[in-house]
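*Asks:* Features from TrEMBL:
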BINDING   28, 29, 30, 31, 32, 33, 34, 35  ATP binding site
COMPBIAS  561-584  compositional bias 'Low complexity'
DOMAIN    7-285  domain 'UvrD-like helicase ATP-binding'
DOMAIN    286-532  domain 'UvrD-like helicase C-terminal'
REGION    561-591  region 'Disordered'
Ligand code: ATP
Ligand code: MG
C-alpha cells in the first residue's frame, strides 16, 4: 500500500518522505506538514521494506504528541513502531538493562521534586517558601538538561534564586542530590542522564540498543535540549539514519534549556544531510496566517507562511481573526463560552475547538464559564483520562467480564457495563464532573465501536491497559483547554486565544529581550494552531492591564475588532474601548 504513504503530499514533502536513508532535516513553518512528513516517511519505509517497524523509533517531547504520532501511524496502517518521548524511551531502557548491570531493580522515580527539595532544605537548616523551592526545582532541571555539574552551574548562575544567594542554592542542590541517593530515587532529568551514562559506560548495552533501533525521527526538534541531543547521539552511535523536523520560530522551551541551534546546525553536524524546506501552510485560513506572519516578521529565522491554494477561495469575512477587549476576566470567559456555544450550535464538533492561554491558573475561570454554559471540556495536561475514577472502574469491570466467555458481542458487552454505571444515550444537560464522567464513558464505548471486527473483550482490555501505560488517550467529544506550551503541534478549526494582555502574554516575569521573544513565539504557536477561525481576547481586570504589545505589533488591518456581543464594532460597554492596537478594516486581509 505504498500509494497510501505517498498520497496527499506535495513535491517538497515527497522529497523528504522518499529520502529514507541518511540524515534529513526539514526546516519549515507551522502547519506545513512536518509531522505529516515524519509519519508518511515511516509508513513509506515500512511499505517498501526499507524499515522493519520494530526498528523504528519516533521520538517526541510529550506523551500527547507520542499518542498523536501513533494515531497518525495507525491511520496509515503502520503498527509496531515505537513512538515515545525521550523520557519514556530512556526509562524503558534503564528498567530493562539495570537488573543485569546492577543485580537489582532500577531506582524509583521522584514523584514530587518540590516536596523532596523541602525535605532537603530542612536537612540543611533552610526554609525557603514554596515559590522559591519551585524556582530552585526549575534551576535543577535547567542545570541537568544543560549537562552542567553543580560547580559549573554556580559559575554561570551567580545571582541566586529569589532571596537565596548562589551559595545556598548550591547547598540546597547538593542536599537534594544526597537525599535522592539515600532514597534510591531518580528525578525526571536523572532518567535521561542515567540512561546516557549507561550507554556511554557499557558498550554491550549500547550495542544491544543500537541493534534494536536503527531509524530515528524527532518531531519539534527546535526544542531539543543538550541532554536529549546527547542521548539521541548515543542511540545513533556512528550511524546516520536520523530525520529531524522543526521550526525555530516555535522554540518555546529555551527557558528550560532547549536550543534551536541543534536544528539550525544540523546540516553542519551531519555532513551531507539532505535539507528540505516546506513552503506551503495547509492548516490555516489566509487571515490566520496574516496575523502569524505579522507577529514573527523580522525575527531571526522567521519563515513567511503562504496559504495552500485551495484556501484562497474560502477566505471569508468570518475567517478574519477578531480581537475583543473586556473589562474583567469573568466577562471575557463568559463571552468566550458563549461564542463556543454558538459555534457548536452552528454545527462545529467540540473536538475542533480549543481555548488557549499562557498559564494554568487562567483555566479555572474558563472551565467554570464553559461548565455554566453546559459545554464539556478537557484540560490538556490536567487529570489523565485513564486515571479518572470512572475510567478505572470501567476498565476493572471489563477485565473481570473478560474472564468469562462473551455471550454478546464486544460492543454490546461494553455498552451494558457502561450503562450500568451511568452511560445514557444523551449527555447530561449541565457541564461539570457528571458531564465529564459521561464523556469519558462515551469515549470508552467509541473505542469499542472502533475496534477491528473480531476483537475479543480480552484483547480490548489489553489494548486499554497498553494505552493507559503509554498515555495514549482517546479524544473526548469535548472542547480542549490548553496552555500554549501544551498546544504545540496540535491543531483545531476554531481557536480562542485568551489573555492577550501585558502581564499575561508576555507574562509579567519576561523582562529581557530574549524572554519577550520567547513569549512572542508562544503567541505564534497559539495563533498558528487555528485552522478556520481565531479569536483573540483580553481583559483589563482589577490590575488595569494594557493590551498585549503583540496585538500592537500585529497591528492594523490584519485583525477585526469585535464587541463582546460578537457584532463588529458593537458598542457594548466592555468593548467600547476596542484595543488601541486593532482597527476595523473593512474585513480585508492584509498579507
Ligand atoms: P506544526 O509546526 O504546527 O507542528 P506541521 O508542520 O507539523 O505543523 P502538520 O500537522 O503535519 O504540520 O500538517 C498541518 C495540517 O495540514 C494537517 O492537518 C495536515 O494533515 C495538513 N496537510 C499537510 N500536508 C498536506 C498536503 N500536502 N495536502 C493536504 N493537507 C496537508
Ligand atoms: Mg507538527
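Cβ atoms here come from the backbone N, Cα and C positions, even for glycine.
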*Asks:* In DSSP terms, helix, strand or coil for residue 34 (ATP binding site)?
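*Replies:* Once the DSSP labels are grouped into three classes, residue 34 (ATP binding site) ends up as helix.
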*Asks:* Once the chains shown are all counted, how many other Cβ atoms turn up within 10 Å of the Cβ of residue 33 (ATP binding site)?
*Replies:* 25
*Asks:* Filtering 29, 31, 33, 34 (binding-site residues) by proximity to ligand 2: which pass a Cβ cutoff of under 6 Å to any of its atoms?
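*Replies:* Result: 34.
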*Asks:* Can you work out the mean pLDDT of the predicted model over the domain 'UvrD-like helicase C-terminal' (286-532)?
*Replies:* 88
*Asks:* Within 10 Å of the Cβ of residue 29 (ATP binding site), how many other Cβ atoms are there?
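*Replies:* Result for residue 29 (ATP binding site): 26 neighbouring Cβ atoms inside 10 Å.
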*Asks:* Could you check what DSSP calls residue 28 (ATP binding site) once collapsed to helix, strand or coil?
*Replies:* strand
